[in-house]
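Enquirer: What follows is a single structure, and I will ask about it in a moment.
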Amino acid sequence: MNKLKFKKLVIWPVETLGSFASFVAILPQNYTQKITNWYENLNNYKFEVRDQSAITVQNNNGDLEITPVNNNFELKLLLNPEFKIQNEELISNFNMKFIQKVNLHNLIYKSFEKLSMMPIVWFYFESESDRQSFVNAIKDWNEIYKFIIFKNKQTSQNSFINVADETSERDQSSIPSISSSHYPGAPVDLNHHLFKSSFNHNSRVVNAQDHLDNPYVNKIGILEVWSHSFDQKYQNYFKNGIEINDLPIEPTPGIKSHSTNVSLIAGGKYGIDRSSKIYLHTFERYDSHWMTTIEKMVKQDGIKLINHSYGMYILDNHGNVKKGMEKYTTDYSENAYFVDYISRKYGVINVFVAGNEGRHKNNVISETSASFNSVVVGALKGNASEINVKSNLIANYSNYGLIRDFQDISKPLVVAPGQIYTTVHGEYRYAAGTSYAAPIVTGLISNLMKYKEDIRNSNNRVPIVKAILSASAVSPKLQNLTYKTSGYEQKYGSGTVDFKAMLQAANNYKVKTLNSNSSNNTILTSDEIKLTKGQTIKISSSWTFNAGLLKERVINPLLIDDRNWWNDVYNTTPKYRPKDLVAEARKWDNQHENELWLKKEEMLNRQSNKWFTDYDLFLEQKNSNGDWITVKRVSTILTNDELIEHKADVAGTYRYKILKFSSNSFDNSVDDIVAVTHVVRNENE
């Protein structure tokens, strides 16, 4: 029998700490192991086995001590509902009826979770034998499309890996050495001063210091890996409140201050958006709890902006964190597909960290951060200055590697300061990481939507905001920069976020929706723009990845001949099904998540294995004869964001336009949403 290999995905808060602090990550165990478990003999297409996660704590010697996570023998079931009319209430009811059927069969399990957006349920067990008996009992049930079994093998001893401290690159000369809450004889709390001043400094670096107190109350979602409860002494730091959804379970080893700090940066009284309400949600390190928590934030809380300061970690088959990652992250995952689905269907802006593995060439931005509709944020060095922003250096821990097939994707999209001084939970120290850069961008987006009601209320907000962030960012002016064909710099993306320029870009945007039958020609053209010598124009276009969403419902063929009023009255269905109809129904099951959503594989099949419609961005200048001459263009195929920057050598008249070159959407696909905007800067800005 062939030895099975599976991707190792883990979740961890993305903060880097000093050399004597603990660092928590969620890591999987080895890629391969001897086949000894019952589920590794399953060859049916309905079964998939995934590896176990582990908590990894960095001790004072710099070693990573790995302890497997008990995932309670997690079993994930992808179900096949059959509805005459598709809606999420029916999905939720179908999932619940499946659980009721399990109970009627007196099957043993510990607990369950269910979604309402998608036909997915999870079960948890006291033992491996209970899980095996459960699977054997239901393996032939027609309601189940796929079984996903998470390994849960306990090891007899911990493993150790040497990993360098991620924050060794910080400018230590700028960090005072403080071991208590006051310097002896100091008249004020120096730690509080450092805490406040670090937050205010970051707001100045991103040019937001004059726009922090707009009274409109937005909702900002903060999604965090459960580690430790929110520090209650900071609850009154939120002008319009914070709804804390901590878990009623014991703290895990890790960064105690993480969720509190992220919330304070995005929306605390010294943070970026100082008057919105924060919704802090934490999730356990289970696939089910991550999905159901996002679902609750979107559907119950009505949140349209979510910060994700966590990421994924991978080990190779030698247990090495630093090697072999690229080989096992070549796929766009089902979790990324779920994030893009949420973004496209509900207009949710997801802000992810780039991650803290930038010094290791094989580490890539992957898993949930690889979702195409998301904003990914890198971090600047701790000594980032507000004086000459374009000269600020990227932190060497800030991740920038990309999955092999997506080298031109705009990840990171932008960068922001990643260092604060924390006083949370009695910690008095500087802390840095992309975890603390991302909520700066989240706060800026929230503030933007406060000032721009049209964007806040638009169903097209995702590509609009991405275009605004890119066009308004301060481009780096440094040596040895590497630009992608999409126009984004490899490590900095479009550059450092700039809120005042975001407001300018928000006045210039244009947006258009296009269906699959729209012709290949110019779809958007700007007004004429006068540039003086030395001025720079920066233009960004962004469009949606539609994630297999359908305009019109496609009903399971088995149900079409059931559309009879008397069948509904008497709750009857035909007993005989033609073979060809059954075959068509099986085909439908293989193609659809539900009646309005294709499976990822079917989406790609209908799009000829291409992910996006091909839109190209052009900058043109009017010559002395009044003709428009192309100055620059971006013609990358595998991206949904493009960027042009041009400095005028002489005064002139310019315009930009977007051309559609080929359609990768299909009949019944939801429309593409395309946005574009620009910012003009003077020579010394």
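Yeah, the Cβs are placed from backbone N, Cα and C, and that goes for glycine too.
Got these off TrEMBL a minute ago, pasting:
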{"type": "ACT_SITE", "residues": "D165", "note": "active site, charge relay system"}
{"type": "ACT_SITE", "residues": "H258", "note": "active site, charge relay system"}
{"type": "ACT_SITE", "residues": "S435", "note": "active site, charge relay system"}
{"type": "DOMAIN", "residues": "189-495", "note": "domain 'Peptidase S8/S53'"}
Enquirer: Hey, what's the Cβ neighbour count for H258 (active site, charge relay system) at 10 Å?
Expert: 28
Enquirer: Look up S435 (active site, charge relay system) in the DSSP assignment and report helix, strand or coil.
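Expert: S435 (active site, charge relay system) sits in a helix per DSSP.
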Enquirer: Tell me, how many other CB atoms lie within 10 A of the CB of S435 (active site, charge relay system), whichever protein chain they belong to?
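Expert: Its Cβ shell of radius 10 Å holds 32 other Cβ atoms.
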Enquirer: According to DSSP, which of helix, strand or coil covers H258 (active site, charge relay system)?
Expert: helix
Enquirer: How many Å lie between the Cα of S435 (active site, charge relay system) and the Cα of H258 (active site, charge relay system)?
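Expert: That comes out at 8 Å between the alpha carbons.
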